[in-house]
Amino acid sequence: MNQEIFEKVKSIVVEQLEVEEDTVTPEANFANDLGADSLDTVELVMALEEEFDIEIPDEAAENIGTVQAAVDYIEKEQAKA
């Protein structure tokens, strides 16, 4: 896992979901572990898109349930660029 991407994702998650930094682990599920509802998830995806200058289609966003999944998706998109 790219540590730089993870740290940026972690920072965004902490800010968007107002959770403690130590609760944001690669395995953390946005809904179950971090308390995100559907609106939080949409806002989180938008923040990730802005930070990493990528587009996350709705179908892809539905499959990003954990911090690790977000990092993996961003790594994949950046590799295409």
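Keep in mind that glycine also has a Cβ here, set from the backbone N, Cα and C atoms.
Listed in Swiss-Prot for this protein:
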type	residues	note
DOMAIN	3-78	domain 'Carrier'
MOD_RES	Ser38	O-(pantetheine 4'-phosphoryl)serine
(request) Restricting attention to the domain 'Carrier' (3-78), give the mean pLDDT. (result) 97
(message) Treating G and I as helix alongside H, and B as strand alongside E, what does DSSP give for the domain 'Carrier' (3-78) in helix, strand and coil?
(response) 50 helix, 2 strand, 24 coil
